[in-house]
Amino acid sequence: MFLLWSTFSEIRFIPSSSMFPTLRVGDRIIIEKVVYLDENFSIARALLSSHSRASYFFRSPAINDIVTFRAPEQEPGFAKDSVFIKRIVAKAGDLVQVRDGSLYVNGVAQVENFIAERPSYTSNLTYVPKGHVYVLGDNRNNSYDSHNWGPLPMDKIVGKYVMCCYRPSNH
């Protein structure tokens, strides 16, 4: 039973407040290991090369999925194998921008009642290319995410948030 469970899921620790208020520092969460398929099924090759990290759950990423991933570029202070957790806010073909305290996708301000506070920054208008998603932390003003380094290649995604299984009592 444990072998089957560990093949398809894992427990992760939340080390930062970038996803606050959805997730808090110290939370333990269950992640479903995933491989997202593109329209050519080419991402399935990742399954063969990284079978220890990915399950056999195949589907396209959805807006508002919370995913874990290896960042495409590392900021000083992060290890090469650091894993981040953020929310998908846009998919391939979308135009994304943060301005005037709101997230705009394809020119439409998004209703985001899950964020800690309105963003205080402005980002450039960004096109999300094929095979990529745009990810942001729910704590918009305290998150290292796509507004810093651009769209995330889907092959960097290693898991999808399922649920919080433990929250320390002091939170």
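We count from 1, first residue shown onward.
Using N, Cα and C of the backbone, Cβ positions are placed for all residues, glycine too.
Keep in mind that TrEMBL annotations are predicted by a computer and have not been checked by a curator.
Annotated in TrEMBL:
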ACT_SITE  Ser18  active site
ACT_SITE  Lys86  active site
DOMAIN    2-164  domain 'Peptidase S26'
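The Cβ of Ser18 (active site) has Phe84, Ile85, Lys86, Gly137, Asp138, Asn139, Asn142, Ser143, Tyr144, Asp145 as same-chain neighbours under 8 Å, each 6 or more residues away in sequence. On the 0 to 100 pLDDT scale, the domain 'Peptidase S26' (2-164) averages 83 in the predicted structure. Neighbour count (other Cβ atoms within 10 Å of the Cβ, all protein chains): 25 for Lys86 (active site).
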